[in-house]
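Trainee: Take a look at this one; I'll ask things after.
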Amino acid sequence: MTTISDGVTVVDHPLVRHKLTLMREKDRSTKSFRQLLNEIGMLLCYEVTRDLPMEMTEIETPLTKSMQPIIAGKKMVFAPILRAGVGFLDGMLELVPAARVAHIGLYRDPNTLQAVEYYFKAPSDIAERMVVVMDPMLATANSAVAAIDRLKERGAKDLRFVCLLAAPEGIERFRGAHPDVRIWTAAIDEKLNEHGYIVPGLGDAGDRMFGTR
Ligand code: URA
């Protein structure tokens, strides 16, 4: 079942919940963690594209001509926030192979927890595209808010945000800064701790995905 409230969709499908539980386990291998993130990325992509506009087109089956639905030319950009956002990318591109990709390089200053930009590259026609911004952990939301600030500065108008885990504090900050951007997440956890980690969470998503612990 998928719950929707105040611009936040929790994709609590049994497959997503099961895979997320496996990812939370502290001894899960890097390989398995990466694979599961990729799989959940695919399932979240399915949900974030659920309301894409459709149009009818005439095709010819082996039996007859027939009017059938196709997606109505909505061009998409997938925008992973480096580096953990990359973990969702392959799964999403499996489902939407024609999507363009924007890269947004932001790191979290460990002292201030503020987002610092070090790279930004996006398609020039971003204003005409739906942009799906992705980062597994919506913790303080500093990176997510900064990424969406940057994308809006470049003209993006139709934005969505996808994460794996969100903290209530992050959702509040994100929705306060960008109330026009809907969020899709696999779960909303209890809280942030004093170091800005989501609890119970799964630790540092980037480190766990790339084996840099
Ligand atoms: N980023 C992570 O990777 N994990 C957290 O818990 C919070 C932010």
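Glycine too: its Cβ is placed from the backbone N, Cα and C atoms.
Straight from TrEMBL, here's the annotation block:
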- R83, R108, D135, P136, M137, L138, A139, T140, A141, N142, S143, D204: 5-phospho-alpha-D-ribose 1-diphosphate binding site (BINDING)
- I198, G203, D204, A205: uracil binding site (BINDING)
- 10-212: domain 'Phosphoribosyltransferase' (DOMAIN)
Trainee: Whose Cβ lies within 8 Å of the mean position of the Cβ atoms of I198, G203, D204, A205, the uracil site, other than those residues?
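Mentor: These residues sit around the uracil site: P136, M137, Y197, G201, L202, G206, D207, R208.
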Trainee: Using a Cβ cut-off of under 6 Å to any atom of ligand 1, determine which of the binding-site residues R83, A139, A141, A205 qualify.
Mentor: A139, A205
Trainee: C-alpha of G203 (uracil binding site) to C-alpha of M137 (5-phospho-alpha-D-ribose 1-diphosphate binding site): distance in Å?
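Mentor: M137 (5-phospho-alpha-D-ribose 1-diphosphate binding site) has its Cα 10 Å from the Cα of G203 (uracil binding site).
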Trainee: Name the secondary structure element type, per DSSP in three states, that contains S143 (5-phospho-alpha-D-ribose 1-diphosphate binding site).
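Mentor: It is helical.
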Trainee: Pick from R83, D135, D204, A205: which of these binding-site residues has the biggest number of other Cβ atoms within 10 Å of its Cβ?
Mentor: D135
Trainee: So which binding-site residues out of R83, A141, S143 end up within 10 angstroms of I198 (uracil binding site), measuring C-alpha to C-alpha?
Mentor: none
Trainee: To the nearest Å, how far is the Cα of A139 (5-phospho-alpha-D-ribose 1-diphosphate binding site) from the Cα of A205 (uracil binding site)?
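Mentor: About 11 Å separates the two Cα atoms.
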Trainee: Just counting, how many other CB atoms are there within 10 A of the CB of M137 (5-phospho-alpha-D-ribose 1-diphosphate binding site)?
Mentor: 29
Trainee: Using a 10 Å radius around its CB, how many other CB atoms surround G203 (uracil binding site)?
Mentor: 16
Trainee: What does DSSP call M137 (5-phospho-alpha-D-ribose 1-diphosphate binding site) in the simple three-state scheme?
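Mentor: DSSP call for M137 (5-phospho-alpha-D-ribose 1-diphosphate binding site): strand.
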Trainee: Want to know which binding-site residues, from R83, A141, S143, are within 10 Å of A205 (uracil binding site) at Cα; which are they?
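Mentor: Taking R83, A141, S143 one by one, the ones whose Cα falls within 10 Å of A205 (uracil binding site) are R83.
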Trainee: What whole-number distance in angstrom separates the two most remote CA atoms of the 5-phospho-alpha-D-ribose 1-diphosphate-binding residues R83, R108, D135, P136, M137, L138, A139, T140, A141, N142, S143, D204?
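Mentor: The widest Cα-Cα gap among those binding residues is 16 Å.
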